[in-house]
Amino acid sequence: MVSVTHCDSLWFGADIITMRGGNYQLIPQGAIAVTGDKIVWIGPHAELPPIHAARQVVYEGGLITPGLIDCHTHLVFGGDRSNEFEQRLNGVSYAEIAANGGGIISTVRATRQASEQQLLEQALFRLKPLLAEGVTTIEIKSGYGLNLESEIKMLRVARRLGELLPIDVKTTCLAAHALPPEFIGQPDDYIDVVCNSIIPQVAVENLADAVDAFCEHLAFSPAQVERVFLAAQKAGLPVKLHAEQLSALRGATLAAKFHAISADHLEYATESDVQAMANAGTVAVLLPGAYYLLRETQCPPIDLFRQYKVPMALASDANPGTSPVLSLRLMLNMACTLFRMTPEEALAGVTCHAAQALGVQQTQGTLETGKLANWVHWPLSHPAELAYWLGGQLPATVVFRGEVRP
């Protein structure tokens, strides 16, 4: 280990939850030395070697956790669908809403009509509550443009969010999200556009960190998704997949075949799906917000993920249709109460395993030497409180790349 004699800042006075190995890995009364945006030393304050710090920050108790990571969102979109929420509760079916121009197509229409500036302002409004909860990294998907111009517009807005706010933004091209209205009855023709036009151009402009698709009866077949994944491979982009949310199509197995970094939703994943994911190193991203809003009854196979040691990540799935959720903390509680995950598993789901689901585990997700100095200081005494409390208990401070975030 390289000896550290100087650092830019030294932080101590709180217990540190490092989340190394997916466990709390508590350091009582810990200390963190930071140079630039990296952690250069971490451990018990009593074992701190002689280090000259240009600045010292003393916490008065509390807990430090890694910065939270929301690894699956659809934050950039136009319009509002709260009226549909009310309609459904008044007995109008989803099919009736869609037949009258509602549903995802209404979001596509509004997104296409909105300017980049309008989309940016709306997304900023949605992102700020997540920042307030201690989110330091977020993934944002396209998927409401469904043509080259609008998909690129969405991804540009997502990239811009990361430039305007102190947060790391990872972008995902989800052009294969739904069938646009101009291609009704022609899904293979639309997949041609996705593979031959949208993905290559997104790659050329460096607007996406990954490619995603929705494998479901109401979206795209495994064969169509495979074409999307082949196009992503050709463009040099890793893949992810919305899989097994509403039915068992073996999408998770297809994702594993392409060594997807994650397969998401997974309520209907089978044991063979889980085995394939385990062998491929594919992370299971669980989305309790959508499960809750859709009043689903089949939970993801949590025990199988445990048995086969598939990492379980959690995310808000923030979107206008099935998960209008702007709280990652709420997802911790829902994962525990609805999916019977433990508070430790849930916290791993929004830190180390979420980092793995985005392919950034080498730099984020745990607190250890060499990783980014992203953490949250909480006025709490036990990490289980993060999943226990509903509302309140916001962070005392958030540190992003070595600096206190305003």
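Glycine residues also receive a Cβ, built from the backbone N, Cα and C atoms like all the rest.
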Listed co-binder of 4-imidazolone-5-propanoate (same site as Arg81, Tyr144, His177, Gln245, source Swiss-Prot) among Thr5, Thr322, Thr337: Thr322
Can you give me the residues near the recorded Zn(2+) site, meaning same chain, not His72, His74, His242, Asp317 themselves, Cβ no more than 8 Å from the center of the site's Cβ atoms? Thr73, Lys141, Asp264, His265, Leu287, Ala290, Ala315, Ala318, Asn319, Ser323
CB neighbours of Gly321 (N-formimidoyl-L-glutamate binding site) within 10 A? 20
Students should find that the Cβ of Asn319 (N-formimidoyl-L-glutamate binding site) has, within 10 Å, a number of other Cβ atoms equal to 24
What is the set of residues, excluding Tyr144, Asn319, Gly321, whose C-beta falls within 8 angstroms of the centroid of the C-beta atoms at the N-formimidoyl-L-glutamate site? His74, Phe77, Arg81, Ile104, Thr107, Gly143, Pro320, Thr322
How many Å separate the Cα atoms of His74 (Zn(2+) binding site) and Asn319 (N-formimidoyl-L-glutamate binding site)? 5
Look at each of the binding-site residues, His72, His74, Arg81, His242, and point out the one with the fewest other Cβ atoms around it within 10 Å. Arg81
